[in-house]
Amino acid sequence: AKVAMAIGGMLALLLAVPAAAAAKVLILLASLGPTAALASCISLTYQLIFLYLLPLAGMQLWRLRAACARSKVIGFLHPFCNDGGGGERVLWVAVMELTRQQSLRGEDGVAGLHSKSWEKQEAGPAAPGGPTAASFEVVVYTGDEASDEEIRAHARARFGLEVPKAVRFVRLRYRRVVEPSCYPVATLLGQCVGSLWLLLEALCREPPRVLVDTTGFGFAYVLAKLCGVGGVACYVHYPIVSSDMLARVAERKAEHNNAALISRSSLLTALKLGYYRLLLAAYSFSGSHADVVRRTRARSQNAQGCCASRMQFWTTWGGRNCRDSHILSRVFASRVRSLPPLIG
């Protein structure tokens, strides 16, 4: 119901325009010539956008920001949590470490998080976006169809990790919008837009006070802050866009992400470089809005071309994001960062 109201609200209200008014508009357009009809359509479109849709979108945004401000949820965004790869290990270790640092309490498996660490920090400066209330719930946003018990059993069998019963799973219906198979052309751009849509679905289904991204949707952080999420933490396995990618395209070498047709053409190479630079600028801008950033330690600088060097990574997202006073920073620093390299 929340998703239908928030995401589909504009379309629903648009379809609710009285039939009589729509009929009058059609009659008016039919009585005009082609040029006048086109001008009238453009004018009506602008009026619809600026007088109707934008105020409606602003109202929905205000409601979402208010819901996030009242939220008692720490949400982990990991749509593929049942895959059993290195990223999923990071997710479960982070969830277990977060719950270990807090005292769980509740009934029938539905528990909140009582943060002793946050209470100790009340005397000092509060971490930007950090929770200040006493009770919190941990949820995992996932697109997997497996049941909660099946996901827990798979984590136990694959990693030997026991996912706490208090952790709740929120199902996402539109996970496919971030799958590369949906975008045979301009895959990165498609996944970027898809991650924004998936984030909106997650926020509408369960507004979080703090969002933890363990998948790598770096393009979505600025939208999360715009929607009222108090704090954004992320564990980056490898950057989606990096200067290494631009360098390989500039060298005009045919690779898996640089077709031979493009590498042989100077014009297509220039267009692709411009496309990558725009994506890199957007990625840098959005990533700079994360409050806590941790990355995988690669065995080498290249790590099969997936990981940038430490200096390049902090050049992309800036070094101001790491707030060591934040409890989620300590969660990643204490356990997740000590894991063996997951890439390469």
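Backbone N, Cα and C define each Cβ position, glycine as well.
Bear in mind that TrEMBL entries carry predicted annotations, made automatically and left uncurated.
TrEMBL annotations:
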- 72-102: domain 'ALG11 mannosyltransferase N-terminal' (DOMAIN)
- 135-293: domain 'ALG11 mannosyltransferase N-terminal' (DOMAIN)
- 1-22: signal peptide (SIGNAL)
- 32-54: transmembrane segment (TRANSMEM)
- 181-199: transmembrane segment (TRANSMEM)
- 219-238: transmembrane segment (TRANSMEM)
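Distant neighbours of the transmembrane segment (181-199): 77, 79, 172, 174-175, 217, 219-220, 223-224, 240-241, 275, 279, 282; these residues of the same chain sit at least 6 beyond its ends, with a Cβ under 8 Å from one of its Cβ atoms. Here the domain 'ALG11 mannosyltransferase N-terminal' (72-102) is broken down by DSSP into helix, strand and coil counts: 16 helix, 5 strand, 10 coil. Averaged over the domain 'ALG11 mannosyltransferase N-terminal' (135-293), the predicted model reaches a pLDDT of 89.
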